[in-house]
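Feature list (source: Swiss-Prot):
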- 1-677: topological domain 'Cytoplasmic' (TOPO_DOM)
- Gly43, Ser44, Gln45, Ser46, Ser47, Gly48, Lys49, Ser50: GTP binding site (BINDING)
- 449-472: coiled coil (COILED)
- 678-698: transmembrane segment (TRANSMEM)
- 702-722: transmembrane segment (TRANSMEM)
- 723-783: topological domain 'Cytoplasmic' (TOPO_DOM)
Amino acid sequence: MTSQAIQLIDVNKEYNKESLEYFKQCVGTRDVGFNYHVISVFGSQSSGKSTLLNILFNTQFDTMDAQVKRQQTTKGIWLAHTQNVNNHKSTTDTDSDYFILDVEGSDGAERGEDQDFERKAALFAISVSEVLIVNMWEQQIGLYQGNNMGLLKTVFEVNLSLFGKRGNDHKVLLLFVIRDHVGVTPLKSLQESLITELEQIWSELNKPTGCEETTLYDFFDLEFKGLGHKLLQEEQFYDDVKSLGDSFIDSESNEYLLKPNYHHKLPIDGWNMYAEQCWEQIENNRDLDLPTQQILVARFKTEDIANEAYAKFTEEYETETEKRINDKTELVSYLKKIKDECLGEYDEHASRYAKAVYEEKRIELVDKVNERLFTTASKYLDMLTAVLLTKLENGMKEKENIKLPFEDRYLKLFKDIEAEFDAAITEFFSKDLLTKIKDFELKFAADVHEKKLQLRESELNALLSKIKKQLTLRIKDEEIELLSKPTPDLWDKVTDTFENIMKKTLSRFATGEGEYEFKMGLSEDENKKQYHAIRAFAWTLLETVVHDYLKEDTIVSLLRDRFESKFRYDSNDVPRLWKNEDEIDQSFRVAKEHALEILDILTLAVKTDGTEVIPDAFEDEPNEGLIYDDSHDVYHSNRFAHILNETQKEKVQQQFRRQINVTVLDCKRSIVTSSTHIPIWIYAVIVVLGWNEFMIVIRNPLFVTLALLSIVSFYFIQKFGLWGPVMNVVNTALGESRTTIKEKLRQFVLEEHELKKTAKVEEEIELQDLSKNSSSSGNEDSD
């Protein structure tokens, strides 16, 4: 297949912007890859370059009609595409694509001494081609200008400056095609002459620094082909052309010309951009860094391919990922699929460019894709973490686990959720959806640890609340019982009872003397801290109980009770019966001293060994143990031990004395009352004077019956202690009677009031009538 040629660079030195479209038309939908070759021809004007190309590659370049006029035919640089190479083996198209550059001839009359385009065209051809065909006639060999050796020298110098330090094995094949070789001079002799000239030219080059020892063969390979005379040896000419064509298509032949190191390793669309940039820099007389141009082309094309692949990936990612976020298996599978498709598409089209650039852009593309995948993986793992933390929390509260210590429950459940999280993150990592999992593992561990602290704090608070509740009940019950029955060793009992309550309440947590483990996974210091907090609470509670209970009135009551028990009862708890006031006074003094023995004990918490009761749980509190003043401006050194100050104590004593004095006076009055009894003869007088009344009662059956009923009722009421209910019934009856009487009286008063009011109204009406009558009579008299 051969396409119509286009002008790649016109006479005005402008690069054809439609060239890329031309390449697309030539290639179609085929994936050419690197399976294409660029071949250019270089030589003097009217030397038959276009004719040779048309015969060899079946192209359709314009040719000169020598019978009309010898003149310039090819203007600028033309490009043609072909797959049909003239050869001995086959007349069908080859598998490779050939792009042929027909360069304007040198030394033409049309340009005269303007050799600028010749040099630029030659430099362009050698920069973009794999094979540069140098077309010359046999009779030109040995000439300097005629066989373009001067132009080749210029091209060699520029080429050396461009590629002198490139450090790779890229070369350009200089294929010298000797035209009209009639065979008089052997081809080998002509070849040696040309090689000698070329080596001489190379030796005379101005080599840049670092390239002094380079040779012609470091940059170029040389091949020589002779063609018979086209007119005089027509059959030989065409046979030689086919032999030349064989060397372009038979890759198995030793004479195969298109070696891999001649190729620029750019896909066809990349080659077009590369060629355009090369010409732009050549035309603008810039230093032409061809390797850099190849890299720039590779960068542009690979970036374009990467952007296209990423755009497709993004579209699929944004439309479908959210639907699969709750299903790990489906999510991982889908993310893996779209990532592989994205990278596969990039690899397919970008791997043809420079390997370093391709790999660099691939890394950038992978980073962009992984960034999106990282977002999705993070979201899924955050959701999974929330689910697992909820599972951990619920598992900690399950009945079958609640009996286990906190740390045992936590470790058991943590292993399960950790395994589930590790399985999920490993699946993402194994599918290359996550590049790093350490940060996720650390975040998960931190989240779980934070949840553990929350759960532990919650359970610890619940446990402490339960302990404090038990302490509150026990301290209030047992300590108030002791305070209500004070003894000289009261505070020894209070502190001992306090310690016993603490030990009993915390017995299940005790691990040694003064050592406790609350089974919450706390450190030794943390357990000590919790124990001291509980002990501080207990001491605070005890202080509150003591100070709230031992108020002034309560202490007075305790002193009075202690006085009463000693004053009214003997050592056997038998009530005392006093015969005279001396006995009362003696008992009063003893009972008073007995009661006041505990006054100091109740107002100041001091043990029997003389030491004040000082809580041992407030060592770190700045206010405990310091001098402070109370509401009465009395200073104390310890707020727990000092229950009442001296002023309050004196007030208690005064109230106590007043109350016991009243008690003594009542006792003395009872002695006086019992000593002033009724004389016996009075009873004899009552019997004599009331004998008749007694007899009336005894002889009357009704009175006897009522008397018996009254006596029996009194007996049973007294025996069973029913005076309370009886009095309630009596009081209720009296109350009802009283209410009824009041209601009746109220009605009576109201009725009487209404009657009086009615009578008054009637009287007023009568008076009004009388006044009217009298006035009317007066009027009649006046008339």
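Glycine is no exception: its Cβ is also placed from the backbone N, Cα and C atoms.
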Residues flanking the GTP site, with Cβ no more than 8 Å from the Cβ centroid of Gly43, Ser44, Gln45, Ser46, Ser47, Gly48, Lys49, Ser50 and excluding those residues themselves: Gly105, Asn135
Residue numbers, six or more beyond the limits of the coiled coil (449-472), whose CB comes under 8 Å of its CB atoms: 389, 392-393, 396, 406, 410, 414, 501-502, 505-506, 518, 520-522, 530, 533-534, 537-538, 541
Folded-back contacts onto the transmembrane segment (702-722), same chain, C-beta under 8 angstroms, at least six residues removed: 696
Chain-internal residues, separated by at least six, CB under 8 A from Gly48 (GTP binding site): Asn135, Arg179, Lys230
Cβ atoms near Ser44 (GTP binding site) (within 10 Å, other residues, all chains): 20
Greatest C-beta neighbour count within 10 angstroms, which of the binding-site residues Ser46, Ser50: Ser50
For Lys49 (GTP binding site): DSSP state (helix, strand, coil): helix
Binding-site residues compared (Gln45, Ser47) - the one with the fewest other Cβ atoms within 10 Å: Gln45
Entry from the binding-site residues list Gly43, Lys49 having the most other CB atoms no farther than 10 A: Lys49
